[in-house]
Amino acid sequence: MSIVIIAVLALSALALTFGAVLGFASIKFKVEGNPIVDQIDGLLPQTQCGQCGYPGCRPYAEAIANGDAINKCPPGGEATITALADLLDVEAVPLDSEHGESKGKQVAYIREDECIGCTKCIQACPVDAILGAAKQMHTVIVSECTGCDLCVEPCPVDCIDMIPAPSGIRDWAWDMPKPPVSSGAIIATDQNNGMAA
């Protein structure tokens, strides 16, 4: 046999052996996640903003599962606190003012005529929602922006504002009809009953 064939067979045998060992190890030493952490993480807004004091939503979910307060997430607001309270069967408490205030869903807006193209906001964005290049105008992809507010601080010319997120069909806020405000309003059946008496 040729030396090349022997080398190929030897390497194939090694690859097969290492593959089997790695496959066995992945099954034997598999780490199961905590299902309550997954449920808590699913309720958090996934802005990865760090306003809660943790580097992202997953670490905060782990902290909540270990007994930390549920009211440290300003982007989630009261709705998230209520959902977490229902899940964990604890009392819903108001948002902790130390971590900010709930402002509803917001997105970053770059005043493009003032942008100097420094790329500091791009580097700060945890979800790559800002487009631009060095010495070029930057802009925000609204559908990707989580409203974490991390791009505002590093901007040297203060050309980034946080504005309310535009509403679409999925999150449209419809006004409920208001009842008529008249004292002593009578409906037709009441009026007819009163006449018959």
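Note: Cβ is positioned from N, Cα and C throughout, glycine not excepted.
The [4Fe-4S] cluster 1 binding site annotation in Swiss-Prot covers Cys49, Cys52, Cys57, Cys73 and rests on sequence analysis. The Cβ of Cys73 ([4Fe-4S] cluster 1 binding site) lies under 8 Å from the Cβ of Leu44, Pro45, Gln51, Cys52, Tyr60, Thr80, Ile81, Leu95, His99, each on the same chain and at least six residues away in sequence.
Feature annotation from Swiss-Prot assigns [4Fe-4S] cluster 2 binding site to Cys115, Cys118, Cys121, Cys155. Cys155 ([4Fe-4S] cluster 2 binding site) carries neither a helix nor a strand DSSP state and counts as coil. Shown in sequence order, Cys118, Lys120, Cys121 are the residues of the chain, 6+ apart in sequence, with a C-beta less than 8 angstroms from the C-beta of Cys155 ([4Fe-4S] cluster 2 binding site).
Annotation comment: Swiss-Prot describes Cys125, Cys145, Cys148, Cys151 as [4Fe-4S] cluster 3 binding site. Neighbours of Cys148 ([4Fe-4S] cluster 3 binding site), defined as other CB atoms within 10 A of its CB across all chains, total 25.
Under the heading domain '4Fe-4S', Swiss-Prot lists 32-90.
Taken together, the residues of the domain '4Fe-4S ferredoxin-type 1' (106-135) have an average pLDDT of 92. Residues or ranges marked as domain '4Fe-4S ferredoxin-type 1' by Swiss-Prot: 106-135.
The domain '4Fe-4S ferredoxin-type 2' feature in Swiss-Prot is assigned to 136-165; the stated evidence is sequence analysis.
For 1-26, the entry in Swiss-Prot reads region 'Hydrophobic', with the evidence type sequence analysis.
Around the Cβ of Cys57 ([4Fe-4S] cluster 1 binding site), the same chain contributes Asp41, Leu44, Pro45, Gln46, Thr47, Gln48, each under 8 angstroms and 6 or more positions distant in sequence. Sorting the binding-site residues Cys115, Cys118, Cys121 by the number of other Cβ atoms within 10 Å puts Cys121 first. For Cys125 ([4Fe-4S] cluster 3 binding site), other Cβ atoms within 10 Å of its Cβ number 22. Annotation for Cys49 ([4Fe-4S] cluster 1 binding site): same-chain Cβ neighbours under 8 Å, separated by at least 6 residues, are Pro75, Pro126, Thr146, Gly147, Cys148, Asp149, Leu150.
Rounded to a whole number, the C-alpha distance linking Cys115 ([4Fe-4S] cluster 2 binding site) with Cys125 ([4Fe-4S] cluster 3 binding site) is 16 angstrom.
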